[in-house]
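First up is the structure itself, then whatever we jot down about it.
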Amino acid sequence: MTFSDRKHRRSPKTAPLLPQKDVDFGHSETGFDGASFSGAVFNLSTTIVGAGIMALPATLKQLGAIPGLIVIILAAMLTEKSIEMLLRFTRASKSASYSGIAGDAFGGFGRTLLQACIVINNLGTLVVYMIIIGDVLSGTLSDGVHYSGVTEEWFGLHWWNSRSNLLLLTTLLVFAPLISFKRVDSLRYTSALSVALAVVFVVITAGIVIVKFINGSIGMPRLLPKLVDQASFWKLFTTVPVLVTAYICHHNIHPIENELRDGSQMKSIVRTSIVLCSTVYVATSFFGFLLFGEHTLDDVLTNFDGELGIPYGSLLNDVVRVSYVIHLMLVFPIVFFSLRLNMDGLFFPYAIPIAYDNRRFFSVTAALICFIFLGANCVPSIWDAFQFTGATATVSVGFIFPAAIVLRDTHGIATKRDRLVSWVMILLAVSSSTVAISSDIYSIFNIGVEA
């Protein structure tokens, strides 16, 4: 047993949210005999495919179709390698959680720092998800212009479809039941539906492209980046944060693995999920860029607010927006699962696993969902705050911590290739954070100057 395991004997790093085989409760009492391969694939894929999918077509606009698609595939390969290294070090350290590996490598400080990064990343992600859901359903106000939401377009203005009321109804009727599950495997069906909705978006976009191609209203996509001056060259690097964070799912690797019927399947589950998600990403990026070309916006969902130039275009716009909102609603509980686990680890590091303490489980759950709801409704500037924290916390969870654990190599199992990949991951993470933070600072000051 490592020093970190002895020190945090009852912490979530050594005792997962629910042990794989429920030895404390017994199979006969719970009826749970481990998660299936397919369920784990859907849960991990849903963790990966969040809101970031809508930013990918814009990366092709900046990089060009060929370099953009190549980089998306390379990001998938790098992510798979980082997770494979994590799994190897998990077995070497005999840890049951991501924070457990960090604790094994860097002691209690490393464990706490990683948990804080996951909490910041997931809180920011879920607040943004709720903001997007509110924008799409009830509309938004930008630069003094009101953009109607789908419920306002369908039913007109009523008390029940105001932003705060719609989000309250969504929280009580959708989020509350889904975040009450104590096992991540319980979300396998909603995760399968979430992945299906992402595929629906790809199918609809591809269908529109085919129709417009047949009637001759779609052009050849730009294959290479358009470099006209120094500014356009540096703008290429603004795609790095989007691509680096596109496959982040490390915070849910161990909760999913701990519930598996056969833990040796985890490497295959990771590979299957990343292949599935990279296929969706490549198709979304290619068809989105092909459809909107140089008019592709940073969030391609915004492009679906306008006229598509085909029959039933307005109906297809609504289908895309509504399916995307439902997709985010179903991603929400998967991200919330690891948020709750790591928040509990921060505040109750010596307590019994949270799944065995109903009072603590529901108290932490209620506190988190209330914070997310209030953040999305009452603090408009919270988006700016999370842009900065997300630029650092997200890449720390996905690349810096895995790389640091490998370079620390407390068990002497790292290869030369592992070390090389780790340095590449750190370089990408640092450059990604620098670009994202610099871009945010420039935007804030630019807005201030214009005002």
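Each residue, glycine too, has its Cβ placed from N, Cα and C.
TrEMBL lists 1-12 with the feature compositional bias 'Basic residues'.
Summarising the annotation, TrEMBL assigns region 'Disordered' to 1-20.
Sequence annotations record features per position, and here TrEMBL assigns domain 'Amino acid transporter transmembrane' to 35-431.
Annotated transmembrane segment per TrEMBL: 37-56 (among others), in sequence order. Proximity of distant same-chain residues to the transmembrane segment (37-56), defined by a Cβ-Cβ separation under 8 Å and at least 6 residues beyond the stretch ends, is recorded for 72, 125, 128-129, 132, 184-185, 187-188, 191-192, 194-195, 198, 201, 242, 245-249, 251-253, 256-257, 259-260, 262, 265-266, 268-270, 272-274, 276-277, 280-281, 284-285, 288, 298-301, 324, 327-328, 330-331, 334-335.
Listed as Cβ neighbours of the transmembrane segment (62-79) (distance under 8 Å, sequence separation of 6 or more from its ends, same chain) are residues 56, 221-226, 235-236, 238-239, 243-244, 246-249, 274-275, 277-278, 281-282, 285-286, 289, 398, 421, 424-425, 428. The transmembrane segment annotation in TrEMBL covers 62-79 (among others).
Listed by sequence, the residues of this chain that lie at least six past the ends of the transmembrane segment (113-133) yet keep a Cβ under 8 A from its Cβ atoms are 50-51, 98-99, 102, 106, 167, 170, 248, 251, 325, 328-329, 331-332, 335-336, 338-339, 342-343, 345-346, 368, 371-373, 375-376, 382-383, 386, 389-390, 392-394, 396-397, 401. Under the heading transmembrane segment, TrEMBL lists 113-133 (among others).
Under the heading transmembrane segment, TrEMBL lists 164-181 (among others). Packing against the transmembrane segment (164-181) from elsewhere in the chain are residues 130, 133-134, 137-138, 151, 187, 190, 329-330, 332-333, 336-337, 340, 362, 365, 369, 373, 376-377: each is 6 or more residues past its ends and has a CB under 8 Å from a CB in it.
Under the heading transmembrane segment, TrEMBL lists 193-214 (among others).
What TrEMBL records for 234-253 (among others) is transmembrane segment. Packing against the transmembrane segment (234-253) from elsewhere in the chain are residues 43-44, 47-48, 52, 55-56, 58-59, 62-63, 68, 71-72, 75-76, 79, 82-83, 86-87, 98, 118, 121-122, 184, 225, 266, 270, 273-274, 277-278, 281, 334-335, 337-338, 342, 391, 394-395, 397-399, 401-402, 428-429, 431-433, 435-436, 439: each is 6 or more residues past its ends and has a CB under 8 Å from a CB in it.
Sequence annotations record features per position, and here TrEMBL assigns transmembrane segment to 274-293 (among others).
Per TrEMBL, the feature transmembrane segment maps to 322-341 (among others).
Here TrEMBL flags 361-382 (among others) as transmembrane segment. Tertiary neighbourhood of the transmembrane segment (361-382): same-chain residues 123, 126-127, 130-131, 134, 163-164, 167-168, 171, 175-176, 179-180, 182, 336, 339-340, 343-344, 347, 354-355, selected by CB-CB distance under 8 Å and a gap of 6+ residues from either end.
Residues or ranges marked as transmembrane segment by TrEMBL: 388-408 (among others). Panel annotation: around the transmembrane segment (388-408), residues 79, 82-83, 85-86, 89, 98, 101-102, 105-106, 114, 116-118, 120-121, 124-125, 241, 244-245, 247-248, 250-251, 414, 418-419, 421-423, 425-426, 428-429, 432-433, 436-437, 440 of the same chain, lying at least six beyond its termini, place a Cβ under 8 Å from a Cβ of the stretch.
The transmembrane segment annotation in TrEMBL covers 420-445 (among others).
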